[in-house]
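A.B. asks: The structure's right below; bear with me while I get my questions together.
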Amino acid sequence: MLKIFNTLTKKKEKFIPINAGKIKIYVCGVTVYDLCHLGHARTFIVFDSVIRYLRHCGYQVSYVRNITDIDDKIIKRAYENNETTQQLTNRMIQEMHLDLDALNILRPNYEPKVTEHIDIIIKFICLLISKKHAYTAPNGDIMFSVETMHNYGVLSNKENPPKIHDNILKIPNIKKNPMDFVLWKKTTYNNKLGEPCWSSPWGLGRPGWHIECSAMNYSIFGNQIDIHGGGSDLIFPHHDNEIAQSVCAHETSYANIWMHSGLLLLNYEKMSKSLNNFFTIRDILKHYDPETIRFFLMSAHYRSQLKYNDNNLKNAQTSLKRLYIALRDTNPTIQPNGGDNEGEYFISKFISKMNDDFNTPEAYSVLFDIAHRLNNLKIKGHSLLAQGMAATLKYLANIIGLLHQNPEIFLKKITLKHNKNRHFEKIQKLIQCREVARKNNQWELADSIRKKLTVMGITLEDGPTGITKWHFK
């Protein structure tokens, strides 16, 4: 029996779908104004493994991951780039798909855009107004009134409410309650910024952040879904506000289970564009195979925080390499079994770990037990048993999107990446030594380093500020 930790109840619960055999799941997507970073990748890989496992269990899963394609950050970035918001978002959506496809992340069944659901959003707001859960602020914005929701903040725990940011408290004339939030933002078309806006009963404007997910979710799935997911940074205010809007509008529980993935940390802080503390997926793909990144991002339990650093990625690559080495010289195309019911034992153990709130670290330990057994069988020359064990290893790893490559091809790829990374590190070290030599007026040494780099195919460009740029010839 599958058990899932529910953020709403703060405990693991037996998973019982609303409709037998079918699951409706909604995961909050990205705001498409820039390339996705590794923190986004962690959330999407977590839920990708969840969806793969649910489908393996025989469920018919309908998966929605939204796209926020209108937002202040989008408007600002489009203006800076001298392009329309639509040009920017269309380009970033394509880039997002390239990155997520590279990580073997399945595409959702539906990928709704905010700009394609404005009418639905307006109707949703009208319903909240008619039920007296929303009001017009003095500046023309439509606000949700949190005082009309008897248990507002239930997800983040209203007995210990999150700290209200100072900038919220500094707007006393706009909100009836400092926690009230925008449903519809009144705007006027700004030719300079090319700011998009839509007609509504309240004048020109655009939707607030929180209403978008409630409305799009409702338009696809109706009043209630099985699972709502996202990063733990969305618990408050986004998911608390989604619950408030949806429960007040339709008087249902909205989502039966709330799942949240832990944050990816860089320098002990959340990996985030707003903190300028991130690496893009594209950055990391230059140095590591996509499957290594996927393996790393599932190496901690999905609810736990995960620390990013180069050593942890290298360790993940070494671990994944061990599994592929075990698969070497096998042909795992036969049915998964290890003989003497070994295969069945490992399969049962793997399933029990995944049934315990999708415990991928424990599931990994089963994969390594299989790899160890497989290596022993190969050493002892039990080729038929080894083939069965290899099939079991590949079968189980495939459930969570791993070991889908040819072992020889994977091992050659990471060797090439490793050599390239070492070459890159050597170049950086030589350039740093040359910069020190120049600062110390050691011109002969600086020139000899330049010549060495030239032989390696590197062209240097010394800038007027003392910064040296380089590129391959």
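Cβ coordinates are placed from backbone N, Cα and C, and glycine is handled just like the others.
Per Swiss-Prot, Zn(2+) binding site is recorded for CYS28, CYS213, HIS238, GLU242. If you look up Swiss-Prot, you'll see 30-40 marked as motif ''HIGH' region'. Taken from Swiss-Prot, the feature motif ''KMSKS' region' applies to 270-274. For LYS273, the entry in Swiss-Prot reads ATP binding site.
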A.B. asks: With a radius of 8 angstroms around the mean position of the C-beta atoms of CYS28, CYS213, HIS238, GLU242, what other residues of the same chain does the Zn(2+) site pick up?
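C.D. replies: Same chain, not in CYS28, CYS213, HIS238, GLU242, Cβ within 8 Å: TRP209, HIS210, GLU212, SER214, HIS228, GLY230, LEU234, HIS239, ASN241.
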A.B. asks: Write down the Cα-Cα distance for LYS273 (ATP binding site) and CYS213 (Zn(2+) binding site), rounded and given in Å.
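C.D. replies: Between the Cα atoms of CYS213 (Zn(2+) binding site) and LYS273 (ATP binding site), the distance comes to 21 Å.
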A.B. asks: Kindly state the mean pLDDT of the motif ''KMSKS' region' (270-274) in the predicted structure.
C.D. replies: 81
A.B. asks: Report the same-chain neighbours of HIS238 (Zn(2+) binding site): residues 6+ apart in sequence with Cβ closer than 8 Å to its Cβ, ordered by sequence.
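C.D. replies: Within the chain, HIS238 (Zn(2+) binding site) has Cβ neighbours under 8 Å at CYS28, TRP209, HIS210, CYS213, GLY230.
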A.B. asks: Between GLU242 (Zn(2+) binding site) and the residue listed as 'ATP binding site', how many Å separate their Cα atoms?
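C.D. replies: Approximately 23 Å lies between the Cα of GLU242 (Zn(2+) binding site) and that of the residue listed as 'ATP binding site'.
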A.B. asks: So how many of the residues in the motif ''HIGH' region' (30-40) end up helix, strand or coil by DSSP?
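C.D. replies: Looking at the motif ''HIGH' region' (30-40) with DSSP, the answer is 3 helix, 2 strand, 6 coil.
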A.B. asks: Same chain only, sequence gap of 6 or more: which residues have a CB within under 8 Å of the CB of the residue listed as 'ATP binding site'?
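C.D. replies: In sequence order, the residues whose Cβ lies under 8 Å from that of the residue listed as 'ATP binding site' (at least 6 apart) are ASP34, HIS37.
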A.B. asks: What is the one among the binding-site residues CYS28, CYS213 whose Cβ has the most other Cβ atoms less than or equal to 10 Å away?
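C.D. replies: Of the binding-site residues CYS28, CYS213, the most buried by Cβ count within 10 Å is CYS213.
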A.B. asks: Would you count the other CB atoms within 10 A of the CB of GLU242 (Zn(2+) binding site), including those on all shown protein chains?
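C.D. replies: The Cβ of GLU242 (Zn(2+) binding site) has 27 Cβ neighbours within 10 Å.
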A.B. asks: Can you tell me the three-state DSSP label for CYS213 (Zn(2+) binding site)?
C.D. replies: helix
